[in-house]
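See below for the structure under consideration.
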Protein chains: 2
Amino acid sequence: MRPFADDAFHAGNSVLGRYLDALVAALSGIDAGEVATYIPQLGRADPSDFGIAIVTADGRLYRAGTWDRAVTIQSVSKPFMYGQALTELGRERVLASVGVEPTGERFNSIVLDEQHNRAFNPMVNSGAIVTASLLTRATAEAGAADMLDLFSRLAGRRLDIDAEVFRSEDETGHRNRAIAWLMLNSGMIEPEPDMVLDLYFRQCSVLVNCADLAAMACTLATLGRQPMTGDQVFSPEVTRDVLSVMTTCGMYDYAGQWLYDVGLPAKSGVSGMIMAVVPGQIGLAVYSPKLDAVGNSVRGIEVCRTFARDFGLHTCTSALDPAAAIRRIYGARDVHSLRQRTGAEREVLAAVGDAFAAIELTGPLYFAAAERVASEASRQARVAGTVVLDFRRVESIDAAALDLLSRIPGLLGSAGSRVLMTEIPDRLAARLGAALAAQGGEDALGTPTTEAALEAFEDGVLGAARVSGRADAMRLDQAELFSGLDPQDIVLLENAAASFSYAPGTHIITQGEAALAFYVVARGVVSITIPVAEGTRRISAVGPGQAFGELAMLDGGLRSANAVASGPVVCHAFAIDQIREIAERRPRAYATILGNLARSLSDRLRAANVQIGTFE
Amino acid sequence: MRPFADDAFHAGNSVLGRYLDALVAALSGIDAGEVATYIPQLGRADPSDFGIAIVTADGRLYRAGTWDRAVTIQSVSKPFMYGQALTELGRERVLASVGVEPTGERFNSIVLDEQHNRAFNPMVNSGAIVTASLLTRATAEAGAADMLDLFSRLAGRRLDIDAEVFRSEDETGHRNRAIAWLMLNSGMIEPEPDMVLDLYFRQCSVLVNCADLAAMACTLATLGRQPMTGDQVFSPEVTRDVLSVMTTCGMYDYAGQWLYDVGLPAKSGVSGMIMAVVPGQIGLAVYSPKLDAVGNSVRGIEVCRTFARDFGLHTCTSALDPAAAIRRIYGARDVHSLRQRTGAEREVLAAVGDAFAAIELTGPLYFAAAERVASEASRQARVAGTVVLDFRRVESIDAAALDLLSRIPGLLGSAGSRVLMTEIPDRLAARLGAALAAQGGEDALGTPTTEAALEAFEDGVLGAARVSGRADAMRLDQAELFSGLDPQDIVLLENAAASFSYAPGTHIITQGEAALAFYVVARGVVSITIPVAEGTRRISAVGPGQAFGELAMLDGGLRSANAVASGPVVCHAFAIDQIREIAERRPRAYATILGNLARSLSDRLRAANVQIGTFE
């Protein structure tokens with residue numbers, strides 16, 4: 001069973017599956033053309049056969065009609081062998097033997113590029129025979145085995161050769177034999193022509209159905225990575241070269257009109273198969289054996305034409321929207337660090353919000369997207385001393401984007417702004433690090449999270465403004481929770497409090513435990529965390545004068561979060577029992593404390609609502 | 001002054017501007033080629049001139065070197081005249097006179113497509129003369145004026161003709177005159193050849209600098225919409241046809257190699273200008289007057305090659321990521337409507353969260369993105385009875401995506417799930433509505449907001465579970481805020497309460513007013529709103545048994561939000577003065593009320609934190 005994604009075999013019930021069914025029904029009436037007969041096996045094809053398959057970049061299959069009829073691949077094999085030759089021998093060596101110019105001649109033309117002593121291009125028979133000559137092995141069997149391995153990797157399942165078709169091609173391919181000997185005569189090929197032709201005839205005899213061929217086409221759409229198996233069969237560079245040649249030379253003497261009408265890299269074969277590639281999106285395969293005068297499947301051409309028209313898939317139109325690369329931009333005014341701040345601190349921070357800007361990037365970063373990011377970063381840096389580029393939602397960065405992005409820290413740094421690149425996904429870290437290092441910009445990676453960058457920025461502002469409470473001097477009457485109490489109530493609380501010191505990382509509170517006490521921080525910072533799928537998530541942090549675990553006053557019950565010492569921490573702890581005692585004796589004081597608690601919750605709720613508004 | 005976006009003239013200080021400066025410096029050493037001399041004015045060009053300009057899809061200009069040298073556009077005019085002919089006469093008429101196949105001949109070849117009695121393609125002189133013949137007017141002046149208007153719209157500023165070059169072309173263009181007469185002889189052109197050649201020589205004599213030409217190229221990159229002015233000069237279909245012909249025929253007898261090496265639609269001119277188009281991204285123009293043997297600027301070719309290689313801009317590679325179309329998916333479990341629910345209601349809702357799924361879409365929706373959306377909607381519909389597609393962040397929907405999306409409601413409806421399309425931006429509403437109507441799916445637009453869909457879903461679930469309080473029976477001891485009070489305290493409160501009825505839309509509380517009372521809803525729903533840039537934003541809603549304005553108990557002070565009757569509403573109002581009196585007399589009861597308030601705030605804060613986690 002091939003590893004298609006889960007929707008694969010429900011595809012008939014899908015939007016696209018139904019479209020393909022309708023397309024088969026609509027075009028089945030076309031009856032023009034003739035089934036190829038140059039070898040007897042092709043002549044036996046059922047002229048009414050008509051199948052279509054599409055494979056998407058994430059490996060979903062859609063199919064209609066006789067999509068599962070296995071026929072020989074014929075000339076559709078040529079782009080794949082060309083890709084393999086480029087992979088094994090490199091561009092320069094291959095270009096020496098076969099060019100990339102369309103010929104304007106028939107596919108089995110015997111005309112060669114005399115000026116460069118090479119075949120015109122790898123999509124005509126002469127060029128394909130040269131390509132096969134570059135891939136022969138010590139024995140015919142080894143060559144055939146490697147070829148079959150390659151095609152199987154491209155299709156995502158084991159393929160086989162139709163032995164009868166191979167024998168028939170081998171026995172009747174006189175014209176191809178003539179081409180091969182002519183090229184040997186001109187020094188265009190080196191190995192013994194029979195070996196070369198053996199491989200060439202075998203590659204044409206590989207059996208594929210539309211799903212196989214659509215998967216092979218999709219491997220070219222996704223820069224050489226097989227969409228179901230993830231196997232990187234060709235490099236992106238090789239894939240691009242293969243698609244280039246398919247674009248200009250894939251449809252025989254029809255190149256300009258094909259690009260004009262359909263606009264997709266494609267390749268047809270004499271068995272009636274056509275494959276077409278929508279770069280980045282899908283591979284398409286059609287099978288219908290009746291051919292037009294130049295050897296392309298009549299219905300196949302019509303499917304490609306209709307599909308490209310209905311779905312606007314032409315290579316010269318682009319759906320890219322560089323603006324989509326920037327998900328949102330926010331300042332320290334809109335989003336605060338998880339560190340809870342006092343009222344005085346919040347006022348100071350509100351006044352300097354523009355000095356910090358975070359730009360959240362998303363999706364794949366390609367040239368125009370990165371250009372937009374660079375431009376936006378420059379714009380923000382006119383006001384902001386710290387510009388954060390948050391990469392957490394970046395899918396991929398291509399070479400163009402990497403180059404542009406790596407230059408940003410240096411450029412804005414020389415203009416006085418600090419650029420931090422945060423939340424780098426593991427899969428991107430090495431490439432981004434190397435690119436930054438090449439530009440002397442590795443400092444941009446010094447702060448791993450946006451949260452840390454935001455908290456550090458706030459701390460810097462508050463330190464400069466000297467509004468933050470001095471930790472070593474925290475008295476209980478300075479605690480937010482106890483604000484407005486009479487001195488005698490403060491004394492009661494001081495008598496009830498027990499002071500504890502915690503080493504960094506200590507779990508002061510653990511989620512799920514009974515809530516028997518609450519705490520006021522005297523020194524240090526305590527992180528409030530909750531368990532999530534990937535570990536724990538910090539949802540808040542409290543510092544000197546602020547309380548945690550205080551909801552225990554309301555319910556008792558169980559702890560809903562952890563409290564962990566971020567560094568060395570000193571806390572005043574209050575047993576709930578004792579607080580209840582004080583509440584009984586001093587109900588007004590208790591109401592003041594609850595009022596303070598409600599006010600703090602209300603402030604935090606308001607900040608959370610602002611943040612939700614910013615995030616939406 | 002041309003209307004470039006704000007960064008335009010700071011471009012030298014930008015990442016890309018610096019790259020271009022470096023590129024000019026690196027390639028200035030290339031000195032091969034010869035300046036064209038077939039008319040004397042071209043021969044006077046300074047061979048050391050070398051300029052580059054780029055215009056991005058959102059109208060930013062980057063430039064380097066002698067980018068502002070104005071020279072005649074020459075053959076780079078051909079694609080634009082071809083686009084205008086397609087616009088005025090349609091594809092069929094134009095194709096009757098000029099084909100789309102590359103010739104393999106020189107640009108000034110006299111060879112014609114005898115088989116179809118037409119010129120081979122509009123990028124060689126014969127085809128361009130035919131194209132000009134289709135655009136002649138009653139007088140030479142009128143033809144020239146229309147042509148200049150067109151070029152000016154493409155460039156985004158007023159352009160002029162170099163009269164001296166025009167006269168010189170007119171006097172010395174014997175070969176072009178011969179081509180024109182030959183075509184008249186074959187019936188390929190109709191108007192008087194001198195009129196046609198007058199227009200042709202004038203179009204070649206329009207003065208442009210690199211910034212003009214990059215803007216013109218960018219108009220082709222952005223489907224015919226001028227990037228600075230927003231003027232839709234060509235339709236997307238015409239633009240695509242122009243780019244197709246540029247791809248195969250733009251670089252003279254070099255088509256295959258050009259697509260292989262650079263892979264961008266491009267056009268060169270004998271004055272040393274080259275323009276290249278990166279569909280969806282940028283327009284590029286290079287000026288350097290020394291030409292190679294086939295008539296292309298030597299440094300220009302090298303700039304295109306280097307730029308395409310450095311930045312991976314080949315047409316056959318795509319940076320599209322269909323997965324990016326889905327911003328997030330959430331259920332009723334993760335995100336709640338703004339309607340506040342009681343503890344019992346929350347428990348019921350938590351148990352049915354999977355029955356509702358919202359899929360937030362983002363960016364431009366093109367074929368593969370819409371296919372991904374359709375597939376994800378089907379997957380969600382296996383469990384969810386209501387599937388919301390939220391369009392608020394959708395930039396654009398192309399024809400392919402529109403077709404696929406409009407089929408989703410019918411397909412999933414027949415499988416028993418309801419699809420709602422919400423938050424449709426105004427600019428998309430008409431097209432989406434028409435497409436849905438064509439599929440009988442207009443019901444999908446019945447609920448305009450995701451919030452309304454979510455609240456309706458919750459109401460349905462709660463109605464079925466019969467847990468929601470019956471509004472007509474609400475007693476004060478059922479109010480959340482008064483939970484746990486003694487009966488005698490309830491009596492005190494009942495005595496303090498005044499009952500009011502409000503018509504729909506009444507502002508019960510207005511932001512900024514003094515907070516003198518709080519309210520408990522007896523019947524109906526009250527929306528809590530805050531002013532935002534675009535009007536007001538609903539941040540919460542409360543129903544029977546729930547309180548609003550209760551923070552007044554803590555501070556007095558001013559209202560931070562509005563409270564508006566969503567329908568007919570009955571409330572119990574409590575003056576803060578009276579509550580303070582009760583607090584004095586019954587401090588324990590007051591502490592209970594504050595405890596209830598703190599618990600409610602704590603619940604809402606926890607929900608807000610979950611939502612922030614979901615949104616991030």
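Including glycine, each Cβ sits where the backbone N, Cα and C put it.
Taken from TrEMBL as is:
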BINDING   B:Ser75, B:Asn125, B:Glu169, B:Asn176, B:Tyr200, B:Tyr252, B:Val270  substrate binding site
DOMAIN    B:346-432  domain 'STAS'
DOMAIN    B:481-582  domain 'Cyclic nucleotide-binding'
Secondary-structure category, per DSSP, in which B:Asn176 (substrate binding site) falls: helix
Could you count the residues of the domain 'STAS' (B:346-432) that DSSP puts in helix, in strand and in coil? 47 helix, 27 strand, 13 coil
Using all protein chains in view, find how many other C-beta atoms are within 10 Å of the C-beta of B:Glu169 (substrate binding site). 23
Based on DSSP, name the secondary structure state of B:Val270 (substrate binding site): helix, strand or coil. coil
The domain 'STAS' (B:346-432): mean pLDDT? 87
Tally of residues which DSSP labels helix, strand or coil - the domain 'Cyclic nucleotide-binding' (B:481-582): 23 helix, 45 strand, 34 coil
What does DSSP call B:Tyr200 (substrate binding site) in the simple three-state scheme? helix
